[in-house]
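Engineer: The ATP binding site feature in Swiss-Prot is assigned to ARG108, LYS148, 153-159, 183-186, GLU191, HIS214, 266-267; the stated evidence is sequence analysis. Among the features that Swiss-Prot reports, domain 'ATP-grasp' is placed at 112-296, with the record citing sequence analysis.
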Amino acid sequence: MNFNKLKFGATIGIIGGGQLGKMMAQSAQKMGYKVVVLDPSEDCPCRYVAHEFIQAKYDDEKALNQLGQKCDVITYEFENISAQQLKLLCEKYNIPQGYQAIQLLQDRLTEKETLKSAGTKVVPFISVKESTDIDKAIETLGYPFIVKTRFGGYDGKGQVLINNEKDLQEGFKLIETSECVAEKYLNIKKEVSLTVTRGNNNQITFFPLQENEHRNQILFKTIVPARIDKTAEAKEQVNKIIQSIHFIGTFTVEFFIDSNNQLYVNEIAPRPHNSGHYSIEACDYSQFDTHILAVTGQSLPNSIELLKPAVMMNLLGKDLDLLENEFNEHPEWHLHIYGKSERKDSRKMGHMTVLTNDVNQTEQDMYAKFEGSN
């Protein structure tokens, strides 16, 4: 895909004013672009770094058209906007990310079928439309398996683990509320992710492979570079995905590595991702920089340089309560507080990145600091 480059001083519209929108806006502004953000929350984080703010719901057609009329290009920070609404916007306005990826990825079943058709390795799965399909899941997948809603759900929401017959009732409850997907539960050795930007003329730029740890289904920590030799294999899988899904901008593919050292594609985030936040300090370009370059039609760097290994820690509300008094004592902690008005224990309130020559020692230091809040 080839499209015109935006000149300095052009206006970028962002649908979604959370922390991702905020960091997109900051990258856009340092490149000389103006930013208009649309979000339903009057005190969303991006509002305070944008040139203009439109307070409206994401399905407010009038407000979305207002955004389109004000901007030379539109991007979005999350995948929960209506795919149909986005398709209509794409017909009238310049939205390089497009709607196709959103349309595919909002449905877990379609996502997995697309990934499988693309030739990537995915965890065995089946469609579960009604309670009787659970028997098929038991027969096909065996215990344990996970039941996930087809639509919605993030940070572990909308899913239940079925270890044995005693857990089936929880699976039935979920199926009563939504069509679902059942997938085999893996004995996971490690979780990794690969952040990628696709730009003008199908330029592809890869970030280093990221090693992730989740706690309570929320990203807890990212280490870069990943301490496992899976970069080439992950890139091969991502290249297959790129051939199957239209997308311009930054996106992330999450992987599982099982106890047999097999790499499986888990899911795709069609926008900058939490596990790529380290790139702001640790790389010569951040994932937000390359995203803005891509959606404005600029050339991408041929490669991303990791300036120094890094450990990135998410900061939840409970972590801020524990660590607030320590931040000033650690200038090596690159701190990002998102500016959310309401602090909740399990809400992402910020992140911090530590550049280090010894990720193992820094990891242990972080465990010691964070253990009181987990």
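For all residues, glycine too, the Cβ spot is worked out from N, Cα and C.
Keep in mind that what you see is a predicted model, and the values were worked out from it rather than measured.
Relative to the rest of the structure, where do these features sit?
Structural biologist: Annotation for LYS157 (ATP binding site): spatial neighbours GLN217, criterion Cβ-Cβ under 8 Å with sequence separation of six or more.
Per-residue pLDDT, averaged along the domain 'ATP-grasp' (112-296), amounts to 95 for this model.
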Engineer: Please work out the number of neighbouring Cβ atoms within 10 Å of the Cβ of ASN266 (ATP binding site), leaving out its own Cβ.
Structural biologist: 18
Engineer: Which residues does GLU183 (ATP binding site) neighbour through Cβ under 8 Å, counting only same-chain ones at least six apart?
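Structural biologist: Those within reach of GLU183 (ATP binding site), by Cβ under 8 Å and sequence separation of 6 or more, are LYS112, VAL123, PRO124, PHE125, LEU141, PHE145, ILE146, LYS148.
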Engineer: Which residues in the same chain, at least 6 apart in sequence, have a Cβ under 8 Å from the Cβ of LEU186 (ATP binding site)?
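Structural biologist: Non-local contacts for LEU186 (ATP binding site): VAL123, PHE256, ASP258, TYR264.
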Engineer: Within 10 Å of the Cβ of ARG108 (ATP binding site), how many other Cβ atoms are there?
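Structural biologist: So the Cβ neighbour count for ARG108 (ATP binding site) comes to 23.
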